[in-house]
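According to Swiss-Prot, the protein has these features:
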type	residues	note
DISULFID	C34-C41	disulfide bond
DISULFID	C45-C53	disulfide bond
DISULFID	C54-C69	disulfide bond
SIGNAL	1-22	signal peptide
Amino acid sequence: MIMRMTLTLFVLVVMTAASASGDALTEAKRIPYCGQTGAECYSWCKEQHLIRCCDFVKYVGMNPPADKCR
């Protein structure tokens with residue numbers, strides 16, 4: 001019984017985390033001021049207090065700024 005409750009809680013946490021990151025990506029694609037360049041999109045990402053902005057910029061199809069990302 002405890003194992004089932006633990007598993008259920010784990011699944012809920014994972015689904016919530018996946019949903020939150022997906023919402024951020026959807027939001028950036030929907031909002032036109034993410035930027036015209038990778039540097040602008042990176043700055044927008046940082047202003048939103050998102051993490052992994054280098055990966056985010058790549059995901060939306062832009063090149064992240066070389067001085068900020070490796």
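We count from 1, first residue shown onward.
Any Cβ shown, glycine's included, is placed from N, Cα and C.
Positions of the features from Swiss-Prot, shown on the structure.
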residue : record         : DSSP class
C34     : disulfide bond : helix
C41     : disulfide bond : helix
C53     : disulfide bond : helix
C69     : disulfide bond : coil
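For the pair C53 (disulfide bond) and C41 (disulfide bond), the Cα-Cα distance reads 9 Å. Comparing C45 (disulfide bond) with C54 (disulfide bond), their Cα atoms are 9 Å apart once rounded. The two recorded residues C41 (disulfide bond) and C54 (disulfide bond) have their Cα atoms spaced 10 Å from each other.
Neighbours of C69 (disulfide bond), defined as other CB atoms within 10 A of its CB across all chains, total 14. The two recorded residues C34 (disulfide bond) and C54 (disulfide bond) have their Cα atoms spaced 13 Å from each other. The Cβ of C54 (disulfide bond) lies under 8 Å from the Cβ of Y42, P64, K68, C69, R70, each of these being in the same chain and 6 or more residues away along the sequence.
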